[in-house]
Amino acid sequence: GHDSCVSALVVSSDGRWVATASHDSTIILWDSRAACISQEWFAHDGEIASLAFSPDGRSLATHIAVGYMDGTIYVWDMEKRQEPLLWKAHTQKVSDVAFSPDGRLLLSASYDNTVKTWDVHTGVMMQSFDGHALTVSQACFSPCGNYIASASADRTVRVWRTSDGSCLAMLSDHGAWVSYVAYTPDGTMLTHVAVGYSDRTIRVWDIGTRQEPLLCKDDTGGVTDVAFSPDGRLLLSASNNKTVKTWDAHTGAMMQSFDGHALTVSQACFSPCGNYIASASADRTVRVWRTSDGSCLAMLSDHGAWVSYVAYTPDGTMLWSAARNGTVLGHRVQDFMPDESEF
């Protein structure tokens, strides 16, 4: 693994590769099926803040994008093995990078208050999305790629048109730093954005109707992560109150509370089938839960340090996790859940 804290973990769209980055400036490409290192490289002298695979839909996820603390972006074509594109994208830390659904554009969010899009093949900037007054903590493309949602420390969420950079909507009915944004997986229209706030609330916003956002309030802890279930019906929230909760995405009603972690839950995710939830915690464990009843089906405690990241491969057969001590582990789901039939 890495010699320092893991700062990002991502899985390729075909499930073949896992990439991890670390504060030691290294990137490791893992063979997901064999759970072993395929390649390791030092891309640029600087701490890595964000990482993304391109969703190209072929047998190999061809591009890896890396965002650095110094505002630099690095894009490597895994197929051509050419010299990577490296450009100074922002004046401050790159907080997030993401590819458009068609893989042609790369989005970058930054502490310089901006979001920008880039041509993946040339490195040319296509649009700058200006309007936030403070750090942009995260940004993401809509499933269709026509829109971008961004979350900021200025206490707003903005929705932009990808093609021309215009701001189409702004959500600002709260008084806390906006931590996370996520679209529903339904790609037919721009529907809901889930927003996690440091004031212990989550808002689900139907941008199409512009109605008052749906409020999911957790009085016991700040939200550290949000994610929609594969069918878009449930919303997951992880919290620094040691719990994971699921909510009805249409009513805001809490469906389940997943209790068992002893410390902050750093990240959580649904399995591809939606029947399970995996959570990573500061208590040095990864837990796997049944979505329907909240029961804990497995606890993995091999890291020996705060576990920061957890992710399933798209076929649900492997669960990957990474910790602050640099360890990265790939677990075969069947090994720790032999009695479960669907992953």
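Cβ atoms here come from the backbone N, Cα and C positions, even for glycine.
What TrEMBL records for this protein:
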- 1-31: repeat 'WD' (REPEAT)
- 41-86: repeat 'WD' (REPEAT)
- 87-128: repeat 'WD' (REPEAT)
- 129-170: repeat 'WD' (REPEAT)
- 171-215: repeat 'WD' (REPEAT)
- 216-257: repeat 'WD' (REPEAT)
- 258-299: repeat 'WD' (REPEAT)
Residues from the same chain, set at least six apart from the ends of the repeat 'WD' (1-31), whose C-beta lies under 8 A from its own:
37-53, 55-61, 64, 66, 78, 308-315, 318, 320-328, 330
Number of helical, extended and coil residues in the repeat 'WD' (258-299), per DSSP
0 helix, 23 strand, 19 coil
So what's near the repeat 'WD' (216-257) in sequence-distant terms, Cβ-Cβ under 8 Å and 6+ beyond its ends?
179-180, 182-186, 191-192, 194-204, 263-270, 272-274, 277, 279, 281, 283, 289, 291-294
Secondary structure tally of the repeat 'WD' (216-257) (DSSP, helix then strand then coil):
0 helix, 24 strand, 18 coil
Reduced to three DSSP states, the repeat 'WD' (87-128) has 0 helix, 23 strand, 19 coil
